[in-house]
Amino acid sequence: MDTQAFKRSLHHSERYNRRGFGRANEVASNLEKAYQSSLIGSIRDNGYVLQHGRLQVKLAEAFGFCWGVERAVAMAYETRRHYPSERIWITNEIIHNPSVNEHLREMDVLFIHAEGGVKDFSCVSDGDVVILPAFGATVQEMELLHERGCHIIDTTCPWVSKVWHTVEKHKKQEFTSIIHGKVKHEETLATSSFAGTYLVVLDLDEAQLVADYILGQGDRAAFMKRFAKACSANFDPDQDLQRLGVANQTTMLKSETEEIGRLFERTMLRKYGPIELNKHFLSFNTICDATEERQQAMFSLVDEPLDLLVVIGGFNSSNTTHLQEIAISRGIRSFHIDTPERIGDNNSIQHKPLGEDLFIESNFLPAGSVNVGITSGASTPDRVVEHVIQKLIDLTSD
């Protein structure tokens, strides 16, 4: 499929909207009530520090809603205001935050059912309104909805769209897209649908396996077994790893994406030499500014003298998970929670250790003075962070 031609056609359709409805003022009070926090504003004004009795809270200097998330949520609210009685569907969670998605359900926004990773669009009819979430949607989903006569409201983050443009450039120039991301993540699924030939690598270890194969150090059968579900149809590592372009899922760890880019540049330089390098390697900066800011703020926060760190965000949120990884890399006691209700009145916390199931830890707050660092993923409202802080205040108010 010529994805660029399809997008041009879709963008000119009267049933496609990616700019909202000019109703920002009408929904502003609803958004403020649901997601903003005067307490968080006060803490920001106080140097990101709150002192309350024996509790000191230190906030990261960049956390919570990014502008892409704010835009997507606002557009969803505007959509319901603009279509007060129509059936409205959304192809996935608008963002990875349970409270925000629950608010949409309360507004009678319907979620497309998926089973085994396959979405069932049979429920969607001609004239229905369908919201595409901040992560985007695959080009095949867009085509299906367009052909079905739906009103498409596209809240895809512009940073995600930028990555789509990048992999389309790779395709046009007959380069294979190496996508640093999680194979089953909605954003990576969408990005790969706009690519031609592609291979998804999760981390630096997987990237090294690919680099080794390029340099003749791998076994084809083992390689294909490892990446069978992470590559385009009919992928041939002997042919398709000769010309590479690097892109990424925008919420991945910035430092790792950069290292993967440098790894493949060195690999292609070693194989083809400096004169031929540009014929075999392309690199574009597809790292989201907001992701980078939150990760840098986290690196600063973990340099503070902290007793523990609370990371707030959906358990399926990639950018939140990477914030947790930063805390772990510094050896700081850290707890990833998705809602304030994970903190119990008995000083227990139900959290998700990295790569593990939920776990309840008792007496997680120590006696005496306690310094708690707090950050949150790009899909977490300030109001949720406020409620977490209030829980900590209640537990330390002896």
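Placed from the backbone N, Cα and C atoms, the Cβ positions cover glycine too.
Database features (Swiss-Prot):
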| type | residues | note |
| --- | --- | --- |
| BINDING | C66, C157, C288 | [4Fe-4S] cluster binding site |
| BINDING | H96, H185, S317, S318, N319, S379 | dimethylallyl diphosphate binding site |
| BINDING | H96, H185, T250, S317, S318, N319, S379 | (2E)-4-hydroxy-3-methylbut-2-enyl diphosphate binding site |
| BINDING | H96, H185, S317, S318, N319, S379 | isopentenyl diphosphate binding site |
| ACT_SITE | E187 | active site, proton donor |
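Taking the Cα of E187 (active site, proton donor) as the reference point, the closest of the binding-site residues C66, H96, T250 is T250.
Listed in sequence order, H96, K182, H185, E187, Q249, T251, M252 are the same-chain residues six or more apart from S318 (dimethylallyl diphosphate binding site) with CB atoms under 8 A from its CB.
Spacing of C157 ([4Fe-4S] cluster binding site) relative to T250 ((2E)-4-hydroxy-3-methylbut-2-enyl diphosphate binding site) is 10 Å (Cα to Cα, whole number). Proximity to S379 (dimethylallyl diphosphate binding site), defined by a C-alpha to C-alpha distance within 10 angstroms, is shown by the following binding-site residues from C66, T250, C288: C66. Ranking the binding-site residues H96, H185 by how many Cβ atoms sit within 10 Å of each one's Cβ puts H96 at the top.
Note on proximity: of the binding-site residues T250, S317, N319, the one nearest C288 ([4Fe-4S] cluster binding site) is T250, by Cα distance. You'll find the Cα of N319 (dimethylallyl diphosphate binding site) roughly 11 Å from the Cα of C66 ([4Fe-4S] cluster binding site). Secondary structure from DSSP puts C66 ([4Fe-4S] cluster binding site) in coil.
Local packing around the binding-site residues T250, S317, S379 was summarised as the count of other Cβ atoms within 10 Å of each Cβ; on this measure the leading residue is S379.
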